[in-house]
Amino acid sequence: MIGQITSGLFGGHDDSKKVKGTVVMMNKNVLDFTDLASSLTGKIFDVLGQKVSFQLISSVQGDPTNGLQGKHSNPAYLENSLFTLTPLTAGSETAFGVTFDWNEEFGVPGAFIIKNMHITEFFLKSLTLEDVPNHGKVHFVCNSWVYPSLNYKSDRIFFANQPYLPSETPELLRKYRENELLTLRGDGTGKREAWDRIYDYDIYNDLGNPDQGKENVRTTLGGSAEYPYPRRGRTGRPPTRTDPKVKSRIPLILSLDIYVPRDERFGHLKMSDFLTYALKSIVQFILPELHALFDGTPNEFDSFEDVLRLYEGGIKLPQGPLFKALTAAIPLEMIRELLRTDGEGILRFPTPLVIKDSKTAWRTDEEFAREMLAGVNPIIISRLQEFPPKSKLDPEAYGNQNSTITAEHIEDKLDGLTVDEAMNNNKLFILNHHDVIIPYLRRINTTITKTYASRTLLFLQDNGSLKPLAIELSLPHPDGDQFGVTSKVYTPTDQGVESSIWQLAKAYVAVNDTGVHQLISHWLNTHAVIEPFVIATNRQLSVLHPIHKLLYPHFRDTMNINASARQILVNAGGVLESTVFQSKFAMEMSAVVYKDWVFPDQALPADLVKRGVAVEDSSSPHGVRLLIEDYPYAVDGLEIWSAIKSWVTDYCSFYYGSDEEILKDNELQAWWKELREVGHGDKKNEPWWPEMKTPQELIDSCTTIIWIASALHAAVNFGQYPYAGYLPNRPTVSRRFMPEPGTPEYEELKRNPDKAFLKTITAQLQTLLGVSLVEILSRHTTDEIYLGQRESPEWTKDKEPLAAFDRFGKKLTDIEKQIIQRNGDNILTNRSGPVNAPYTLLFPTSEGGLTGKGIPNSVSI
């Protein structure tokens with residue numbers, strides 16, 4: 001929009017020795033309202049003038065006094081503001097004129113230096129030179145905070161939007177390119193400040209706080225064979241007093257100030273809309289007040305009607321100064337809405353999709369199984385390839401962990417087939433959480449959690465839906481781990497107390513699946529594993545590098561969301577520990593699972609084949625054939641995957657035509673080396689890493705990176721509230737074991753099965769916290785940028801990549817139409833299921849809010 005308007009304003013020039021340009025800035029208070037004391041208002045903009053200078057750098061005329069680097073133009077200064085744009089996102093962009101002295105020898109500028117002599121920072125969007133003699137328009141995409149020059153050790157430099165491989169960079173710009181990368185890497189020392197732009201690595205040694213006692217000590221993750229982990233961004237905070245190997249934590253009230261490189265901080269809407277304020281509000285304000293309110297009443301839901309009142313009526317609270325003060329302390333409209341005391345409930349949540357059409361369909365076996373294919377965690381189910389299922393745990397440490405499910409348990413439900421026949425016909429599947437949970441289960445069950453490790457067998461019916469056959473629940477042997485487990489197998493029934501037992505068995509499976517989803521599928525496999533790619537890309541690939549331009553949108557907000565998560569979500573005593581069954585062992589468990597993480601297996605086709613739910617088939621459109629044809633996540637996902645890969649192939653092929661061009665790209669090779677040896681350094685010796693010697697290896701790797709950051713994260717994140725917002729469907733904790741005959745709990749189960757169910761799963765206060773959390777995590781901010789979209793339409797000057805990106809966007813639009821068509825096909829029973837919840841988690845676009853659809857470019861929430 002800015003470019004179109006400025007073209008009209010500066011289409012020509014009267015003086016051949018002058019070049020006019022347009023600078024676009026954004027109000028600081030719009031972007032970062034939390035720092036009101038130093039907000040840069042429109043009035044301050046009006047007096048910037050001589051306090052902000054610009055110097056163009058020639059790409060063709062050298063400066064003999066500066067090592068033959070590109071010559072600098074005379075400084076030019078901001079002129080009066082031209083106009084203000086207020087986009088739908090409410091960010092106020094202001095455009096200024098700027099006029100540069102010019103001579104023909106200077107030629108085409110390839111970069112510019114900006115100096116801010118003002119007292120505070122501003123956000124620089126772009127600089128556009130409208131009519132450079134013999135060249136035309138030159139556009140600089142900036143999107144960066146510019147602090148006062150005294151804060152920097154080197155000049156702030158921005159490059160034009162023409163990409164260059166390192167070997168093709170104009171000679172006069174090479175030193176500037178190299179020096180900018182050195183600036184971004186830093187020297188690995190010192191505490192990072194708010195204005196720093198340094199990207200560096202550290203291990204997860206900041207989750208606990210030993211200074212606050214033993215209960216706040218947590219295992220350091222990363223840097224060891226026992227607890228390997230992807231690296232996080234380094235903050236340089238000092239160590240704790242108690243343990244010099246553990247980094248100190250900032251106070252909760254200063255959570256917004258946790259360091260990430262300045263341009264990685266949330267933008268205006270997200271900073272005001274989401275994580276730290278929202279979660280601090282819930283944890284610090286709502287939960288203690290609810291504790292006070294509920295002290296005199298049991299911490300239980302007495303019936304499913306009680307649970308439904310969270311959505312239909314809310315929890316009523318009396319008016320009073322306490323809650324008026326509480327409301328005033330929270331600046332977020334989203335959270336204020338939760339705190340209404342005008343006759344509506346303090347915690348009145350939107351009705352989750354899973355109970356919107358029917359209040360009971362979630363309890364059916366069909367829906368229980370369908371959500372393994374189309375729910376919030378559709379990436380675990382695998383084809384059963386040996387019976388009974390065998391454990392991969394070390395028998396010397398854990399004894400016999402193999403399954404006790406027998407043919408007698410299931411053969412009456414196989415439509416006349418034997419177990420072997422069903423397996424040979426690809427009809428048997430398993431949801432297997434046994435091996436992940438068993439090593440920690442004895443310790444987990446010393447907390448308030450009382451749960452099992454589960455295996456669930458399922459049968460693929462002729463109509464394409466899955467039917468549960470049996471659930472095995474296992475506990476560590478009471479005499480010690482070396483004696484294996486004690487297990488019990490439950491099978492479906494709808495008669496008497498046994499039907500209530502079966503419902504509880506499914507609930508224990510859901511507890512397992514919810515914890516594994518939140519910790520492994522979501523946090524580890526998207527948030528944690530992608531952060532090293534963000535860091536390495538900024539440290540080793542210049543902004544001029546085509547691969548930096550390709551990947552940059554897919555890293556937006558990731559470091560900020562992860563830093564905030566370390567501060568209040570995954571830390572000792574944080575929200576995650578307070579809501580999932582793994583409790584204080586949660587993050588340590590994820591490190592053990594990371595041992596089996598394989599980068600090439602994160603590619604969707606490879607993942608489907610590895611889990612046995614697809615086979616390689618060159619005649620199939622995506623190179624694999626699904627063995628469950630109506631598998632919504634896989635069907636939609638393969639189309640998204642193929643669209644991404646086609647786009648990446650077109651893009652990379654434009655810049656790399658041979659293996660030699662890959663090998664001689666020193667930035668690309670340094671990037672990949674650092675990713676393997678530092679970012680994912682605990683796995684640097686794994687044989688499966690691509691060697692980055694061919695264009696195909698680059699294409700495959702970039703496709704996988706983009707898939708993880710965009711579609712995979714969308715699939716496991718934005719369905720949280722639609723499916724887990726109703727806690728009985730996906731409880732996070734179980735608080736007592738399966739009732740045994742002859743016990744009071746068993747008699748209660750016979751007498752009041754619903755109450756017994758609710759007393760077993762997540763307690764009332766945990767439910768309120770958990771539902772609040774997943775509602776926030778499931779929302780899109782209104783400034784979200786989705787797959788197939790870019791923040792700036794002029795992100796590159798190269799026309800062929802722009803055309804390829806346009807084709808990518810059109811392909812995604814076609815995929816949206818196909819998803820709508822599939823969701824309307826009644827034959828595809830897994831698309832909506834008994835709860836009538838159409839699968840839209842991989843629908844590419846969305847509006848803001850709680851939509852259950854939309855694929856953001858990045859792991860941004």
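Positions of Cβ are set from backbone N, Cα and C atoms, glycine also.
The following features are taken from Swiss-Prot:
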type: BINDING; residues: His522, His527, His713, Asn717, Ile861; note: Fe cation binding site
type: DOMAIN; residues: 33-160; note: domain 'PLAT'
type: DOMAIN; residues: 163-861; note: domain 'Lipoxygenase'
type: REGION; residues: 220-245; note: region 'Disordered'
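Recorded features from Swiss-Prot, shown on the structure.
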residue: His522; record: Fe cation binding site; DSSP class: helix
residue: His527; record: Fe cation binding site; DSSP class: helix
residue: His713; record: Fe cation binding site; DSSP class: helix
residue: Ile861; record: Fe cation binding site; DSSP class: coil
Legend entry - Residue numbers, six or more beyond the limits of the region 'Disordered' (220-245), whose CB comes under 8 Å of its CB atoms: 188-192, 198-207, 209-211, 258-261, 264, 528-529, 531-532, 534-535, 559, 562-563, 566, 587-588, 590-592, 594-595, 678-683
Inset, instruction - Determine which residues of the same chain, besides His522, His527, His713, Asn717, Ile861, have their CB within 8 A of the center of the CB atoms at the recorded Fe cation site, and list them by sequence. - result: Trp523, Thr526, Ile561, Val716, Leu777, Val859
Legend entry - Nonlocal neighbours by CB distance (under 8 Å) for His527 (Fe cation binding site), same chain, sequence gap 6 or more: Thr558, Ile561, Asn562, Ala565, His713, Val859
Inset, instruction - May I ask which residues of the same chain, at least 6 positions away in sequence, place their Cβ under 8 angstroms from the Cβ of His522 (Fe cation binding site)? - result: His713, Val716, Asn717
Inset, instruction - Look at the binding-site residues His713, Asn717, Ile861 and tell me which residue has the greatest number of other C-beta atoms within 10 angstroms of its C-beta. - result: His713
Legend entry - Stretch-averaged pLDDT - the domain 'PLAT' (33-160): 82
Inset, instruction - Count the residues of the region 'Disordered' (220-245) that DSSP assigns to helix (H, G, I), to strand (E, B) and to coil, and report the three numbers in that order. - result: 0 helix, 4 strand, 22 coil
